[in-house]
């Protein structure tokens, strides 16, 4: 078997990626989240496949087909709640994965980092079109509000919105194409994950110390397969607790009301994992400015390799930047909170301050702290 896995054309790829892969001996549990994201993706594809067997992408029957899945299909309620809460677990792992990348300076592996940003955007697009499918009130109005943002694009905006809608409003054509997008995008994500891993294995993994670890590497299996297994068990336990005991805690009660174009919900808001970006969007009074800020809130991650001037790798020995990093995380939590609040004083003002802080930390404070720390090293 040993010779086969090293010589067989297909098994050789698996062997070099997951078994004999030379891995730094000191990587911590923060490196577990890559494999957890892979597990989340597998759970989402499998549960989504079974849901797609019973779902109908028609405005008249979409809502009742979801109710039918929960009531009449064997374990349909479990599959539905695993899929809905699995998305939340996916984004929790994704945020931690990106946060770890920033903290330990993984953005210096620029190809891997940039593919990661594309993956992040694709996952957000998948989650958005998926949220529209149950055709509840928040699904309908979320789709209307977010797709309408494209009308802010000069000259082609209105035409583009109607082209995406497939008509003059969010209707049957929109739901059908969103279902098609939601079905195909996870497979595109899977392909991008393979490219992400390809670039990662080209350079090798980063490690907590930020030093070159070529002289001290161990095989991925059995050391990290068992370490990852613990993380996977904890993830599955958390997901099952969510799906079985608190299935609706992260959802919106408005989505249990069928979509009604004549009745607008009091507060239109997306799922919790989009709230930080939604808060940034709302904090700018101008429509086009808001859309640009929304896009930049994710694309700004691509500036990390460009703005990094530090002579040290990662933040482990950099107390000034470490402090700024944790302020950034706290600010992100404030933005998430503000995104779920109504558009009124003092929430609008807090949102504007937090949005300025979000961009200010990345573009101004982190490069300044890099320079200060470089000068301290010279002393």
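Note: Cβ is positioned from N, Cα and C throughout, glycine not excepted.
Among the features that Swiss-Prot reports, heme b b562 binding site is placed at 83, 182. Here Swiss-Prot flags 97, 196 as heme b b566 binding site, drawing on similarity to another entry. The ubiquinone binding site annotation in Swiss-Prot covers 201 and rests on similarity to another entry. As annotated by Swiss-Prot, transmembrane segment applies to 33-53, 77-98, 113-133, 178-198, 226-246, 288-308, 320-340, 347-367.
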Cα distance (Å, whole number) from residue 182 (heme b b562 binding site) to residue 97 (heme b b566 binding site): 23
Fewest Cβ neighbours within 10 Å, where candidates are the binding-site residues 83, 182, 196, 201: 201
Same-chain residue ranges lying at least 6 outside the transmembrane segment (178-198) that approach it to Cβ under 8 Å: 17, 38, 41, 44-45, 48, 52, 55, 57, 112, 115-116, 118-119, 122-123, 125-126, 129-130, 132-133, 143
C-beta crowding around residue 97 (heme b b566 binding site), within 10 angstroms: 20
Annotated stretches the transmembrane segment (288-308) and the transmembrane segment (33-53) touching (3 or more Cβ pairs under 8 Å): no
Cβ contacts the transmembrane segment (226-246)/the transmembrane segment (347-367), at least three under 8 Å, sequence gap 6 or more: no
Sequence-remote partners of the transmembrane segment (320-340) [C-beta within less than 8 Å, at least six residues beyond its ends]: 99, 102-103, 269-270, 272, 274-280, 282-283, 310, 347, 350-351, 354-355, 357-358, 361-362, 365-366, 369-370, 372-373
